[in-house]
Amino acid sequence: MQKLLIEGGHTLEGTVSISGAKNSAVALIPAAILADSAVVIDNLPVISDVDLLAELLREIGGDVDLGNQTMTIHPEKMVAMPLPNGRVKKLRASYYLMGAMLGKFKKAVIGLPGGCNLGPRPIDQHIKGFEALGAQVTNEQGAIYLRANELRGAKIYLDVVSVGATINIMLAAVRAKGRTIIENAAKEPEIIDVATLLTSMGAKIKGAGTNVIRIDGVDHLQGCRHSIIPDRIEAGTYMIMAAAMGRRVHIDNVIPTHLESVTAKLREMGTTVEEYDDQLIISGMDPKKGVDIKTLVYPGFPTDLQQPFTSLLTSAEGTSIVTDTIYDARFKHVDELRRMGASVKVEGRSSIVNGKSSLQGAKVKASDLRAGAALVIAGLMAEGITEVSGLEHIDRGYEHLETKLTRLGAKVWREELTEEELEQVKQS
């Protein structure tokens, strides 16, 4: 196991190129199960979640060739192999295997997923959708069992706007009989990306990206080639890093309209943001003005950038309030920021950040993916050396993080954990 070391205080300057979207990739790969011939996915991020999904598709009989940012999936020999345990539990997004396998085989057994532990992230809306389509769903010994004689289109109203449920119902409905209407659907760009892949395969989907999605079921889906959209969360993370420590940072391979909420908040703080067709240029400015953040479903401020933005706010003037309306337990980074000298406290669903903290390097631990990003940003801003453990979380969602940061002028490197540190990890 490794840790990431960051020598703080170095100015960032230069160009960073954004990878394909993690939150698309983890849905697009299971979607390939639905096809009857080969699916090729380009612009894949090189992250551990993608490797895990490739292994899971192989487990159910798929022939998967994973090259440099490209995956070719041959689904012809896939079977409805039960996956109650093992790798499936390491991955939050393994729940997309439910919708895809239900759509293709009319049955699935999937172990309840893991990934980031952000408090209760129930899949009740997914289950509601599957049942509306005609599936029987039971939870037996920590695995979800899905069975259906046939799937029939239905009108499904989501009680909570959920990206996962919207995509999962789409996956199950594209080969169902008749029309499915998803109301109060999520509108995230990743949903449009999945719908684009499915449409290329022959699915009939209208309204992806709006709050009402209509799907007319088809009997067969053929393979296709699809390129993933850029990762707006990775892009937002580098925007925040550039605002914190950047002189002039070019962020390439982005879709600026996907990041309007982040751009607006950075400008409110005094950061200069220049927008072009597929590029953003960020110039950090001092003094930074404190701002309040409230996470909302897209196109609001993304919950995935709440933790990284909190690190930036420790250097701003005045008091800032960060409220997460999506996940109420997404504040595990706060204790670690406090270790570094930040003045932050949690009250309910909000963290209150008293700015102008002078951060000091410390030993900190990433408890989840975006907490990891927050600690890296804090390390870039801090005086001295910060050691971040829990790198397995960061590697789930950020491709070649230290390589990209080094190119921008940061001093970042990996080291193996000492035996003493390994013992501490085991005990925790």
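Numbers run from 1 along the shown chain.
Each residue, glycine too, has its Cβ placed from N, Cα and C.
Swiss-Prot has this to say about the protein:
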- Lys22, Asn23: phosphoenolpyruvate binding site (BINDING)
- Arg92, Arg121, Pro122, Ile123, Asp124, Gln125, Asp304, Ile326: UDP-N-acetyl-alpha-D-glucosamine binding site (BINDING)
- Cys116: 2-(S-cysteinyl)pyruvic acid O-phosphothioketal (MOD_RES)
- Cys116: active site, proton donor (ACT_SITE)
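Feature annotations (Swiss-Prot) mapped to structure.
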| residue | record | Cβ contacts under 8 Å, 6 or more apart |
| --- | --- | --- |
| Lys22 | phosphoenolpyruvate binding site | Pro45, Ile47, Asp49, Asp231, Ile233, Glu234, Arg396, Gly397 |
| Asn23 | phosphoenolpyruvate binding site | Ala93, Val163, Glu188, Glu190, Asp231, Ile233 |
| Pro122 | UDP-N-acetyl-alpha-D-glucosamine binding site | none |
| Ile123 | UDP-N-acetyl-alpha-D-glucosamine binding site | Tyr95, Ile144, Gly164, Ala165 |
| Asp124 | UDP-N-acetyl-alpha-D-glucosamine binding site | none |
| Gln125 | UDP-N-acetyl-alpha-D-glucosamine binding site | Leu158, Asp159, Val160, Ser162, Gly164, Ala165 |
| Asp304 | UDP-N-acetyl-alpha-D-glucosamine binding site | Ile233, Gly236, Arg370 |
| Ile326 | UDP-N-acetyl-alpha-D-glucosamine binding site | Thr295, Leu296, Val297, Thr303 |
| For Arg92 (UDP-N-acetyl-alpha-D-glucosamine binding site), the number of other Cβ atoms found within 10 Å of its own Cβ | 20
| request: Please classify the secondary structure at Pro122 (UDP-N-acetyl-alpha-D-glucosamine binding site) using three-state DSSP. | output: coil
